[in-house]
Amino acid sequence: MPLFATNPFDQDVEKATSELNTAEDWGLILDICDKVGQSRTGPKDCLRSIMRRVNHKDPHVAMQALTLLGACVSNCGKIFHLEVCSRDFASEVSNVLNKGHPKVCEKLKALMVEWTDEFKNDPQLSLISAMIKNLKEQGVTFPAIGSQAAEQAKASPALVAKDPGTVATKKEEEDLAKAIELSLKEQRQQSAPVSTLYPSTSNLLTNHQHEGRKVRAVYDFEAAEDNELTFKAGEIITVLDDSDPNWWKGETHQGVGLFPSNFVTADLTAEPEMIKTEKKTVQFNDDVQIETIEPEPEPAFIDEDKMDQLLQMLQSTDPSDNQPDLPELLHLEAMCHQMGPLIDEKLEDIDRKHSELSELNVKVMEALSLYTKLMNEDPMYSMYAKLQSQQYYLQSSAVSASQVYPGPAQSGTYLVAGSAQMTHLQSYSLPPEQLSSISQGAVPSSANQALPSQQTQASYPNAMVSSVQGNSYPSQASIYSPPAAAAAAAAAAVVPVPVPADVTIYQNAGPTMSQVPNYTLTSSTLPQTGGSQQPPQPQQAYSQKALL
């Protein structure tokens, strides 16, 4: 049995069995007895606490604990008797008898003998007698029931002298009692009575029996045994025997029996209600105003678990039932109502974000559609490149014709300094009136003005030729030819024109100038006329096309 576990009886038991006690505190002992029946585990906890003090190393504490144990057995009824007749208590008794103080062991054995006599009619409480029989077989001696040794062990003082100078031994007390008795005899012989501070020996050694003494019951008492007396609070009891400090023998209209001495009082005028009120009272003031303190509201936040729990409770509730709603349901409903504004704000935020994402989605789809459309259309830069090449060709031709150089007299070729990047040769046919001036060493002003700019010679056709001389193309425009007579006369009158130095250098440039404009006058192209020259007829304009 674990004796060192904390239980509610430890504090009271330690106070009732304190080393500093000079006498038993019967008021506290009876309070402990009353407390035993207030709980289901009260008897077991009380017995554990008492046996813990019985095993104390101080015999003074152990003797007080045995006195408390005897009082509990006498006052607490069968619920405590069953705990005393348990295996755990039997093992504790064996431990005390083997290791305890001799005085403690004698008193414990005397109590066990007394309990055996009390429990002999109840088969549930037969363990005490069996335990005594077992211990006797082991060599432990027990006093006989009602013997003088048992009475002396029970009546042995629980308090052991702590200070030899203040408390006399038992022998000294006996001597003192004898001296007092002798002095009393001498005083009776004298006429004048002499008062003394010490009680008479008869009061100490004889039983105190007061015939006709009456007491009033303070508490109700229900008899647990056949030899006990049942009474109610306020009844008058006639005391027949008060030799035992704990149990008195009394008589009422119900009969004669034993009753606890602490349940009665000698003051016949005392009211039981007043006594109870003084000891244990609970009063309430009617003027007190009861205020309900509401807890502070918790900060609201969206809790999906609570909403699900509320929905589940609402679905499981029967609306046709007349029973009131559960407090938990009302509490959850109030909390969900507090979440309403937060849920509205959350929905507005989600709607705003959804609108923004929808707008972004529309813009992305428009951009992708435009990209797909542009990828599927034909490129626009091809025609623009053709226009740029034609403009570049016209500008290059205008720059290349800035100078005119006479070629050999036989071919009438004129070289014009131009760019090395030119890939086209321009052939010009001169009219007869200009050939005569060329044979005389002079170039007509009209030719000099026409060659550099090429703006007034729009009638001269341009032919697309390759870098190899002699190739012709079917797309070449027709060249204006003067009459044969005029051409022969012009050929006879041709005079070699001196070639300037820069033209010679230009002709000797070699492969760096792969293609140059060639202005050639051939005899076959001259008109064959007699003496008159016909004015040149206008030529058809030739549309220039770039060879890509």
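Even glycines carry a Cβ here, placed using N, Cα and C.
Quantities reported herein were computed from a predicted structural model and do not represent experimental measurements.
For reference, Swiss-Prot has these:
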- 517-532: compositional bias 'Polar residues' (COMPBIAS)
- K276: SUMO2 cross-link (CROSSLNK)
- 16-143: domain 'VHS' (DOMAIN)
- 171-190: domain 'UIM' (DOMAIN)
- 210-269: domain 'SH3' (DOMAIN)
- 369-386: domain 'ITAM' (DOMAIN)
- S156: phosphoserine (MOD_RES)
- Y198: phosphotyrosine (MOD_RES)
- Y381: phosphotyrosine (MOD_RES)
- Y384: phosphotyrosine (MOD_RES)
- 436-458: region 'Disordered' (REGION)
- 517-548: region 'Disordered' (REGION)
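Secondary structure of the domain 'SH3' (210-269) per DSSP, as helix, strand and coil residue counts: 3 helix, 28 strand, 29 coil. If you take every residue in the domain 'ITAM' (369-386) and average the pLDDT, you get 77. Broken down with DSSP, the domain 'VHS' (16-143) shows 93 helix, 0 strand, 35 coil.
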